[in-house]
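Chemist: The following block contains the structure, expressed as structure tokens.
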Ligand SMILES: *Cc1c(COP(=O)(O)O)cnc(C)c1O
């Protein structure tokens with residue numbers, strides 16, 4: 001038999017837009033023994049997790065629970081449950097993840113319309129609102145923090161307009177939850193999807209979601225159709241077949257029954273991931289949302305000060321910069337992939353490349369969750385400067401780390 005080596009992943013400094021370093025407390029939580037999914041001790045943990053997620057999402061929504069799967073499973077569960085085939089869905093796109101919303105909505109049978117913003121910018125909310133008014137979609141789906149471009153879209157006005165026009169508003173807050181303010185109730189978001197492996201510093205594998213009564217009403221309407229309330233011989237019966245929620249795994253009506261006091265059996269809850277989620281969100285709430293957002297801002301400021309002190313240029317409109325992802329233009333003549341490889345091999349640091357039109361043009365540096373620490377920011381600045389010098393890039397040397405230290409000043413951030 002072939003002998004495989006013991007697993008021993010290298011310790012890394014992960015400065016990407018996800019997955020980021022998991023908090024050691026989260027990793028410890030994952031090693032605890034399994035409990036049965038209907039064991040009262042476990043259902044107690046499930047209930048507590050829902051309560052904690054409501055705090056994380058700053059919402060009074062009844063429903064806040066995780067979908068088992070990566071972040072896109074949360075997006076897919078929400079869209080699959082809300083979109084009836086033929087529904088008009090409007091997706092304003094300002095980066096890669098907008099296209100993901102389109103793809104999923106199309107698979108759900110939606111008639112999708114889009115508006116595209118040049119990458120590196122976000123939408124003027126009025127422009128989006130005018131489009132909604134003119135086209136009256138059933139659902140508007142939008143990304144909050146675009147990790148592909150490092151931009152963050154203001155949402156409050158769009159949300160209020162959707163509410164007034166009775167349009168459901170779905171938001172992908174995968175990259176922002178736990179790192180910058182996300183306020184579904186204030187911004188009139190009907191369904192919101194978060195991610196674990198970004199600012200929550202939990203491994204990938206769950207997607208916390210929350211939705212309000214308006215979204216639930218649509219889900220329950222589709223549930224009634226699905227459960228055959230219309231007789232089989234009814235002329236519309238062939239239609240009723242497809243109008244129900246087409247997925248079992250992603251059926252929010254079944255999932256909320258499973259998470260409710262009824263505990264109607266659905267899937268087997270991912271025990272160790274639930275431990276991880278509970279611990280990860282507990283850490284966020286212990287730190288306090290405001291303090292956590294301020295920490296992310298302070299680390300971002302230090303990173304940006306260091307990058308600029310090297311004479312490098314940031315990518316994207318600074319007025320809509322996503323605080324947890326900093327996009328940097330690759331200096332002329334420098335092979336971006338070679339720099340990333342050297343950072344990884346010699347310094348154990350990972351930063352991200354980019355997609356589509358930005359491929360080879362920018363690096364993306366994440367400052368998310370547990371990875372968002374002074375030690376990491378100083379480490380990446382020192383390492384990047386050294387690696388760029390090795391690559392013959394014309395950058396100012398000797399100033400990046402100093403500029404970051406100045407930025408921290410006497411702040412207490414670690
Ligand atoms: C990372 C990310 C996703 C996808 O997450 P997966 O966990 O890879 O499914 C979706 N939307 C945004 C904005 C993201 O940053």
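Note: Cβ is positioned from N, Cα and C throughout, glycine not excepted.
Note that this is a predicted model, so its numbers are computed, not measured.
Pasting the feature list from TrEMBL:
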{"type": "REGION", "residues": "1-20", "note": "region 'Disordered'"}
{"type": "DOMAIN", "residues": "39-353", "note": "domain 'Aminotransferase class V'"}
{"type": "MOD_RES", "residues": "198", "note": "N6-(pyridoxal phosphate)lysine"}
{"type": "BINDING", "residues": "364", "note": "substrate binding site"}
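For each feature listed, report its degree of burial, its nearest neighbours and the pertinent distances within the displayed model.
Modeler: Over all protein chains present, the Cβ of residue 198 (N6-(pyridoxal phosphate)lysine) has 30 other Cβ atoms lying within 10 Å.
For residue 364 (substrate binding site), the same-chain residues lying six or more positions away in sequence with a CB closer than 8 A to its CB are 16, 17, 147, 148, 150, 325, 326, 327, 328, 351, 352, 353, 354.
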Chemist: Can you count helix, strand and coil residues in the region 'Disordered' (1-20) using DSSP?
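Modeler: Counting residues per DSSP class in the region 'Disordered' (1-20), I get 0 helix, 2 strand, 18 coil.
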Chemist: How would DSSP class residue 198 (N6-(pyridoxal phosphate)lysine) in three states?
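Modeler: Looking at the DSSP assignment, residue 198 (N6-(pyridoxal phosphate)lysine) belongs to neither helix nor strand, so coil.
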